[in-house]
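Have a look at the structure below, then the notes.
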Amino acid sequence: MKFLLVFALALATTSAFQHPASIFELREGRIINGYEAYTGLFPYQAGLDITLQDQRRVWCGGSLIDNKWILTAAHCVHDAVSVVVYLGSAVQYEGEAVVNSERIISHSMFNPDTYLNDVALIKIPHVEYTDNIQPIRLPSGEELNNKFENIWATVSGWGQSNTDTVILQYTYNLVIDNDRCAQEYPPGIIVESTICGDTCDGKSPCFGDSGGPFVLSDKNLLIGVVSFVSGAGCESGKPVGFSRVTSYMDWIQQNTGIIF
């Protein structure tokens, strides 16, 4: 599946990082070289059909964190007027529950040039939990101080290997330290609130996987939100950037009222 944001046009330097040509281009796309999931494998996975102010529609991923809240990327809902949320199915545009957004909250300090603070919340009507619809756990206690380096985590989204697919895809990326990750980006892009994943094996998120979950599967723990890849391309082997969930727990609690 191709994940997220490829920074398309130019710093007009030798830098691999590029500013996005448009938010639309960053959100449409798929996971690369992933594996096919089945319904119920990732019961927290949300599919987001987003309508923008100019009536264009884009697709992103998200994570169910409560029966009324979805966590996603701010760049996904930039200029959004409404979101249709699909839950409980591995098939794109299908869901055991299909609901309309009630409220969209982007981080007030989101920077569309650097993708700093690239997190957003979507409030939805109450959904009932089932075998195929379950919330993902968020960090708490000592986990809030954990950088999760050198641990494999799972990223999922509706992607493509070599062909278009409507089936949820997933792959694994190794969490790497930010100093190593920062070597591949200009100064100021990789910050404390970024968590990076290695993609040197050719498996990466890309367009359309934006906002999706980055999860420690053995702990059912959400550690990242898909945010960006290098302007060199999704298959370049450059690290992928996620918004670090531990950096935003206070913000999530303040805006949802949920105590995790």
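Each Cβ is built from the backbone N, Cα and C atoms, and glycine gets one as well.
As annotated by Swiss-Prot, active site, charge relay system applies to H75 (among others). Classification of H75 (active site, charge relay system) by DSSP places it in coil, neither helical nor stranded. Here the Cβ of H75 (active site, charge relay system) has 25 other Cβ atoms within 10 Å, regardless of which shown protein chain they belong to.
Sequence annotations record features per position, and here Swiss-Prot assigns active site, charge relay system to D118 (among others). All protein chains shown were included, and the count of other CB atoms within 10 Å of the CB of D118 (active site, charge relay system) stands at 31.
Just so you know, the Cβ of S210 (active site, charge relay system) picks up 34 other Cβ atoms within 10 Å once every protein chain is counted. The feature active site, charge relay system is assigned by Swiss-Prot to S210 (among others).
Packing around C60 (disulfide bond) is summarised by its Cβ count: 30 other Cβ atoms lie within 10 angstroms of its Cβ, all protein chains included. The disulfide bond annotation in Swiss-Prot covers C60-C76 (among others).
Contacts of C181 (disulfide bond) defined by a Cβ separation under 8 A and a same-chain sequence distance of 6+ are given as I190, T194, C196, P239, G241, in order along the sequence. The disulfide bond annotation in Swiss-Prot covers C181-C196 (among others).
The disulfide bond feature in Swiss-Prot is assigned to C206-C234 (among others).
Annotation source Swiss-Prot lists domain 'Peptidase S1' at 31-257, citing sequence analysis.
Annotated signal peptide per Swiss-Prot: 1-16, in sequence order, evidence recorded as sequence analysis.
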Taken over the domain 'Peptidase S1' (31-257), the model's mean pLDDT: 91
Euclidean distance between Cα atoms of S210 (active site, charge relay system) and C60 (disulfide bond), Å: 5
Inter-residue C-alpha distance, S210 (active site, charge relay system) and H75 (active site, charge relay system) (nearest angstrom): 8
Least Cβ-crowded entry, counting other Cβ within 10 Å, from the disulfide-bonded residues listed as C76, C196: C196
Integer Å distance between the CA atoms belonging to D118 (active site, charge relay system) and C76 (disulfide bond): 9
